[in-house]
Amino acid sequence: MLYSLLLCECLWLITAYAHDDEWIDPTDMLNYDAASGRMRKSQVKYGISEKEEVNPDLSCANELSECYNRLDSLTYKIDECEKQKRKDYESQSNPVFRRYLNKILIETKKLGLPDENKHDMHYDAEIILKRQTLLEIQKFLSGEDWKPGALDDALSDILINFKFHDFETWKWRFEEFFGVDPYNVFMVLLCLLCIVALVATELWTYVRWYTQLKRVFFISFLISLGWNWMYLYKLAFAQHQAEVAKMEPLNNVCAEKMNWSGSLWEWLRSSWTYKDDPCQKYYELLLVNPIWLVPPTKALAVTFTNFVTEPLKHVGKGAGEFIKALMKEIPVLLHIPVLIIMALAVLSFCYGAGKSVNMLRHVGGPEREAPQALQAGERRRQQKIDYRPHGGAGDADFYYRGQISPIEQGPNDNTYEGRRDVLRERDVGLRFQTGNKSPEVLRPFDLQEAEAREHPKVVPGLKSPNLESKPREMGEIPGESTPTESSTESSQPAKPVSGQKVSEGVEGCPAVEKAQLRTDAAGGPEEGSTCSPASTAVEVCG
């Protein structure tokens, strides 16, 4: 009986449990399975008291706390994964950076590492960044999949050419800022300064342009001589270095001592062939300095050739381009007439240039002052004119006779100047006789006065015919009228004894003053005349 009751209770529980599975709770949609149409079985909750199971109000709070717990566990797992991944990442990158730092230490150790004496060392290195290197670095920094080997190769090729830091190279430089060498700027400014000095001081006015042009050509020729010698020496040195490089395989052969078999072979080679001895060429290159290959005569010949041909080359090149461009637009039938016209034009230009050479002599430099014309009505008075150009730079004659104005002359200057001019005129006559040359320039009135002394003119009514036979009566010194001393007699003025008394008596006469001016201009009476202009004036006034 008891067994039957127990069996009935079990069956009732089983049927009740089956009915519970088919029942759908509308408030518990989380456990509802839409595919089977039944409610899911709730899991057994451990650690939950019976009071909580019984209380339906706390079901949502329990589910929320369960979700938070699950979220915390997932976050913890993610952190653990990140840590593990970071450890793996660092384990792969550490060897790369170790090798990179090791390379830096090896390169700097060659130059010297800091020690107790030198606490700081400054090095310079070059960085070469390729595209593949840049991609590997970007992958590493962004956390993408990167390869340690590729990154290691990229870092090892970045830093090269380690050297000590040169503080001078980092200073400010003139050529880097302006793009011009300071030496060239200095030379240009020096040339400009020379030109400004010439213009400001007017030195070019004292030297003729033709002389300046000759000097410029001469200086240019001297500079070109040294220039071409240095150029030829550089060429010879470069050729010598190239020949030495070609003869390098013969260093060991020609340096060794030759035995009997080698000498026999060399004799046969020189006897039966026309080839030069390579060792002779080798020792010539070894012993002969290239400086001996460029003598001054060679530099002189090259300089003279370039001095003549180089300008003609440029002229010919320009003329060829001009003719080519001109003939390109002209028909073929007109080529010959155009060439003939051009040849005639060139010949005309050369002829005109040759005719104008004489005009170039008058360009530049001060000209000599033209002699003044003779004054009408009286003899030209000898004026104190500077007949030499002012002293200048090199070529001009030196100025030694200053101009003296009448205000600055003293009472005895007229007599002194007249005597000096007479002496100069005597020297001119002697130069004509002996043929000597002098830098002194003869003026037209010098020749006229010399002819006047040789052929004196007789003034009618003022000169007595008997005066020539009585020279001593007028106060002349005896013996001065001999033919052998005619030049000396003509150079010294007559000294009449009674001239002073006569001049005192007729001081206010205009004719006397005019005669005195003529005496000052002529420097003395004419040769062969015994009466002075003053005495003649006395007769006229008297």
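The backbone N, Cα and C atoms fix where each Cβ goes, and this holds for glycine too.
Model, not experiment: these values are computed from the prediction.
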Notebook entry, point to check: Is it true that Swiss-Prot lists L213 and W292 on the same side of the membrane?
Noted result: no
Item checked: the topological domain 'Lumenal' (238-329): DSSP-derived helix, strand, coil residue counts -> 77 helix, 0 strand, 15 coil
Notebook entry, point to check: What does DSSP call D181 (site 'Ca(2+)-mediated inhibition of channel activity') in the simple three-state scheme?
Noted result: coil
Notebook entry, point to check: Just counting, how many other CB atoms are there within 10 A of the CB of D181 (site 'Ca(2+)-mediated inhibition of channel activity')?
Noted result: 11
